[in-house]
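Over in TrEMBL, the protein carries these features:
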SIGNAL    1-19  signal peptide
DOMAIN    25-83  domain 'Sushi'
DISULFID  27-70  disulfide bond
DOMAIN    153-212  domain 'Sushi'
DOMAIN    214-270  domain 'Sushi'
């Protein structure tokens, strides 16, 4: 260290040392510290006001000032090197745990006082104290560190009501997969086409079961026809239908099979026409409603013609209304 800098530090830490430097007593060699070294040049005698610097060995933490001064024949307080925490690799191996981030653990691991290290369970293991976790922080505070225990992730054979699974084993380990097959009339829940579940630290995932399959029956549609019919429809499937000539959809042309049955009731109702609006003539027969294909005779008043030569004409109720339209021209 630069001599001028040492003098400044000496003045700050030991104000009286500089004034005693000329007449103060010399010091013998500075005291040694356990697990530490003096890194300044060694001398037989040290003048009052001179200093030495200490350094702790690897993994040891220094407590106190790293510089000690000769003060009239006596050395100021020297630092202490605090022991690190030791983690035996044999214990890590026994507990199926390792240091995170790939630290070389071929030898015992040392953690400096006041520092921390993260340990993680090996793949396929979780903490025995908390199976939802696989990592633990060890803080070195001077006490013997407690190495957490890890346990292997194990899943027992699942109980599948109304279904079966394969492959069959007594126990399953982390990452093992099984495929579930539901009995006839039952379906896999949740919806998973592969019907595959995995052994994880939280058990089988996803949680699954075979539930009664939701189906909708095909019912005949009066005055209509089902397109591509089949006897049973599964949940989520649609039925398409068309209405016969002269009939129209009550709602729409398809329905969805849901857990509550068909989303709508497929229905066809006969087409109708309101009475034609004739202001300059009259119609026969008169009704409040006319059915599909019904006809009326429209007679225009005198001097009012449907065409240039016709006062009477026939109009028919169609899917698009009256044809030809009711019209009497002056």
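Glycine is treated like the rest: Cβ placed from N, Cα and C.
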Other CB atoms within 10 A, centred on residue 27 (disulfide bond): 22
Neighbouring C-beta atoms (10 Å sphere around the C-beta of residue 70 (disulfide bond)): 27
Composition by DSSP (helix, strand, coil) of residues within the domain 'Sushi' (153-212): 0 helix, 32 strand, 28 coil
